[in-house]
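Here's the structure, in structure tokens; my notes come after.
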């Protein structure tokens, strides 16, 4: 049985979708950044069967549900310059690779426990020429600043990693003073917020509007005592 091939889509079509989507999000991209994002979509499609990166195979839907979805958090993080960012459970590199492309002033680290996915992330670092991107394999709760990663992080993000309370428990030791944890969620996670561990609280909740996607999305910022 042969694998189902992804439908072919003209790059110009994807580029126009990206132009329209970033305009709706009020994100200005250089030509180089736009090409990096389009190259990333192409590479996701090319290597998906090998690395099992995503169930989405249509390039248009990859652009919407992966790239624009990841970009939707950028306007809410605009004031954070020269940040150290950890993307937990990054998988195919989302949202971390997208953040590294559009914010070259950030140092972004991708984390996953699956070596095969870390290998893909490392390949993307080389192919997309992302000098501000690094990759670390292993369980986030076992990562130690100064050993596995250079230091603690200003922002720890996840897109599809775990229950919010579990995410906070596992990653809180990596939050730098003044930093916070950011979780991308679908429907508002009231039950998960109610289970947040002691010493953590929601600082703000933002409703995300993802262009061309009719689905509920939220961004939750959590602060922890250790980071204050």
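Note: Cβ is positioned from N, Cα and C throughout, glycine not excepted.
Look at Swiss-Prot and you will find 89, 94, 140, 141, 159 tagged as S-adenosyl-L-methionine binding site, backed by sequence analysis. Under the DSSP three-state reduction, residue 89 (S-adenosyl-L-methionine binding site) is assigned to coil, being neither helix nor strand.
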Cβ neighbour count within 10 Å of residue 140 (S-adenosyl-L-methionine binding site): 23
Cα-Cα distance maximum in Å, computed over every pair in 89, 94, 140, 141, 159 that the record assigns to S-adenosyl-L-methionine: 20
Cβ neighbour count within 10 Å of residue 159 (S-adenosyl-L-methionine binding site): 21
Per DSSP, three-state class assigned to residue 141 (S-adenosyl-L-methionine binding site): helix
